[in-house]
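Engineer: Annotations per TrEMBL:
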{"type": "COMPBIAS", "residues": "580-589", "note": "compositional bias 'Basic and acidic residues'"}
{"type": "COMPBIAS", "residues": "593-620", "note": "compositional bias 'Polar residues'"}
{"type": "DOMAIN", "residues": "171-244", "note": "domain 'ABC transporter family G'"}
{"type": "DOMAIN", "residues": "292-504", "note": "domain 'ABC-2 type transporter transmembrane'"}
{"type": "DOMAIN", "residues": "522-576", "note": "domain 'Plant PDR ABC transporter associated'"}
{"type": "REGION", "residues": "580-620", "note": "region 'Disordered'"}
{"type": "TRANSMEM", "residues": "309-330", "note": "transmembrane segment"}
{"type": "TRANSMEM", "residues": "342-362", "note": "transmembrane segment"}
{"type": "TRANSMEM", "residues": "382-415", "note": "transmembrane segment"}
{"type": "TRANSMEM", "residues": "427-446", "note": "transmembrane segment"}
{"type": "TRANSMEM", "residues": "452-475", "note": "transmembrane segment"}
{"type": "TRANSMEM", "residues": "482-501", "note": "transmembrane segment"}
{"type": "TRANSMEM", "residues": "540-566", "note": "transmembrane segment"}
Amino acid sequence: AYNGYPLDKFVPQKTAAYISQTDVHVGVMTVKETLEFSARCQGVGTKYDLLTELARREKEAGIRPEPEVDLFMKATSMEGVESSLQTDYTLRILGLDICADTIVGDQMQRGISGGQKKRVTTGEMIVGPTKVLFMDEISTGLDSSTTFQIVKCLQQIVHLGEATILMSLLQPAPETFELFDDIILLSEGQIVYQGPRDFVLEFFESCGFRCPERKGTADFLQEVTSKKDQEQYWADKQRPYRYISVSEFAQTFKRFHVGLELENHLSVPFDKSRSHQAALVFSKHSVSTRELLKASFDKEWLLIKRNSFVYIFKTIQLIIVALIASTVFLRTQMHTRNLDDGFVYVGALLFTLIVNMFNGFAELPLTITRLPVFFKHRDLLFYPAWIFTLPNVVLRIPFSIIESIVWVVVTYYTMGFAPEADRFFKQLLLVFLIQQMAGGLFRAIAGLCRSMIIAQTGGALFLLIFFVLGGFLLPKDFIPKWWIWGYWISPLVYGYNALAVNEFYSPRWMDKFVMDKNGVPKRLGMAMLEGANIFTDKNWFWIGAAGLLGFTIFFNVLFTLCLTYLNPLGKPQAVISEETAKEAEDNGLPRETVSNGSTRRNGSTRRNGSMKSKDGSNNS
C-alpha cells in the first residue's frame, strides 16, 4: 500500500517514475524540446487544484502573496502555457539552461555531455507532476564530480519541492554519500539497514565493527557484510573475531532502535484521510486525447524536418531510378504488335511495382531507431501506442504523394504506357497505394521484430514469401494447392493484377486481334492477360486498389498492436541470494549471482540511498 491505498486503487506509473541507468532520448531533438514534449504529455497534474486551495487558505488567513511568486505559480498551473514555463524552470534547476538549444545527440551525431544527458533523463520526469522518483544507478558512465553535482541538484529538488527519491548507486564518493537523508543497505537479497544515514555507523559499531577514520562510509558499508573483507573492521581486538552473516545483521537491525522505530511506524496502518487527494494520481488520462495528438503531431513534424535529408535523398533516388528505367523501356522500342511486345510491358509494370515496394524500406531503420524512446514513454503512460502511430502514418502521406507523382510523371509517357489520361491517373493512384502498403509493411516488420538484425532476417523472409507467391515469379496455375493461400495474402498480387488490367484494357490492346491455338481470333489485350496468368475481369483494377488499401490499413493496425502489447527485446534476469545460490550448487546447478545484467562476485552488496522531504510528506 502507498498512503493507505493498494497499488490497484491508483496509477503508480503516474504517481511515481522509474529513471533508468541508460539515457534513452531522440538524438535529433534539443534538450528543451525533449523536456517540453515530456511536459505536454504529463500535463500539470493537480497544480491547478492545489493553487485554488492555496488561494482559498490565503484569503481566509488574510495573506497577500508576493506578486512575482503569485504570477509564477499561476503561470505553471494553467493549461496551455504551463509546459514552456515549467520547462524553463526545470532547465534552470538542473543547470541545463546553457545547453537548452543543443541537440541531445546519439551514436551518429555529437550532442550534450554524459552528465547533461543524465540530467535530461531526470528532467524528463520532474518536469511533470510526479513527486516520487526511483533512480537506477544513475552514476553509470559518469565521473564522481558529475555524480555529485547531479545528486546535489536532486537534493535541492527533494527538500524544496517536497519530493521523495529512492536511488541506487555503485560506490559513491564520500561527499555524494553525505548528501543522502536515509540509507537502505541491501546484501544477498536482505535488508541489513534501513533508516537515517546518521545512525548507520552506530548500528555497525553495536555489532562490533568500526569504520576507520580515513575510510569512506560507503566503501565500509559495501565491505562490512562481505565474508572476505569483514575481519579488518572488527573493533574489539580483545575479543576473538567471529564472522557475522548477513542474516545475523538483518536480525540485529530489527532490535536496533532505528529498526524498532521503523517496525512501530509500519505496524500502525496509514490513515487514508491524512493523504491529500493530490498526493496520488487516480486517472491514467491526465491530458486530453486532443492535446496528446497535437503534441505527437508537432513532435513527428519536427523529426521529419530534422530528418529532411532522408526524404530529399529518397525523392532524388527515385528520380534517378525512374530516368534509368525510362531509358531501358524506351517508348520508341516499345511496340503493341503481338504477345512478345506485351510481355515487355509486363516487365515495365513489374519494375514499377518492385521499385515502389522497396521505396518504403527506409521506414524500417527509421522506426526501429525510435522504438526504445517509444517504449520508455509508453511504460511511463505518456501516451497510448496509437497516438504515436497515427502521426507517423498520416504525416508520411504528402511525401508519398510527391514521390508517386515524380515516378509516374517521369516514367509513364517515356515508357509509352496507354496514352489515355484516365489510365495515367489510375496508375498514379496504384503507385501511391503500393507505396502506402510498403510503408505499412515495413513499419509492421519493425514493430514485430524490434531489432535491426531480426528485422533484416525476419523481414527478408516475409518479402521472399510475398515475392515468390506474388503471381509473377511463379504463375498462379503453377503454385501448389497447399500454397495457394499464400497467393491470396500477398499484397503484390493485387498491385500486379491492377497495374496489368489498367494497361491491357486500353483500346490500343483491345482493338487488335491475334489467333489463339485453335485459330480463333482473340483480342490482343485478353490474350495478353490470359498468357500472363492475370485475371481478365475489368473490375480487377478496383479490386486490386481496394486490396492494397486494405493491406495498408491492416499493416498499420498490426504495427499499432505490436507497439501496444509487445515489450522491448532484452534478457530478463534476477538477483539471487547467497543461500539460494548455495542450495542451487548443492543440487548440481551452476552458481551465479546476477544483477542488472552483469555477473557480480558472490556476496555483492548494493546501497540504495533515499532522499525525502524533511517532514516525510505523502509517504508511507
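First residue shown is number 1, and so on along the chain.
Glycine is no exception: its Cβ is also placed from the backbone N, Cα and C atoms.
Annotations in TrEMBL come from automatic prediction, not curation.
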Engineer: Can you tell me which parts of the same chain pack against the transmembrane segment (382-415), counting only residues 6+ beyond its ends and a CB-CB cutoff under 8 A?
Structural biologist: 38, 41-42, 289, 292-293, 295-297, 299-301, 304, 311, 314-315, 318-319, 322-323, 325-326, 329-331, 334, 348, 352, 355-356, 359, 363, 367, 374, 424, 427-428, 431-432, 435-436, 439-440, 443, 556, 559-561, 563-564
Engineer: Going by DSSP assignments with H, G and I as helix and E and B as strand, what are the residue counts for the domain 'Plant PDR ABC transporter associated' (522-576)?
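Structural biologist: DSSP composition of the domain 'Plant PDR ABC transporter associated' (522-576): 34 helix, 2 strand, 19 coil.
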Engineer: Any residues 6+ beyond the ends of the transmembrane segment (309-330) with a Cβ under 8 Å from its own?
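Structural biologist: Beyond its ends, the transmembrane segment (309-330) has Cβ neighbours at 344, 347-348, 351-352, 355, 359, 362, 366, 399, 402-403, 406-407, 410-411, 414-416.
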Engineer: With DSSP helix as H/G/I and strand as E/B, how many residues of the domain 'ABC transporter family G' (171-244) fall in helix, strand and coil?
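Structural biologist: Its residues fall into 26 helix, 15 strand, 33 coil.
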Engineer: Please indicate, using numbers and ranges, the residues of the same chain that are 6 or more beyond the transmembrane segment (342-362) and have a C-beta under 8 Å from a C-beta there.
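Structural biologist: Sequence-distant neighbours of the transmembrane segment (342-362): 310, 314, 318, 321, 325, 329, 334, 336, 403-404, 407, 411, 415, 417, 427, 431, 434-435, 437-442, 472, 492, 495-496, 499-500, 503-504, 509, 524, 528, 531-532.
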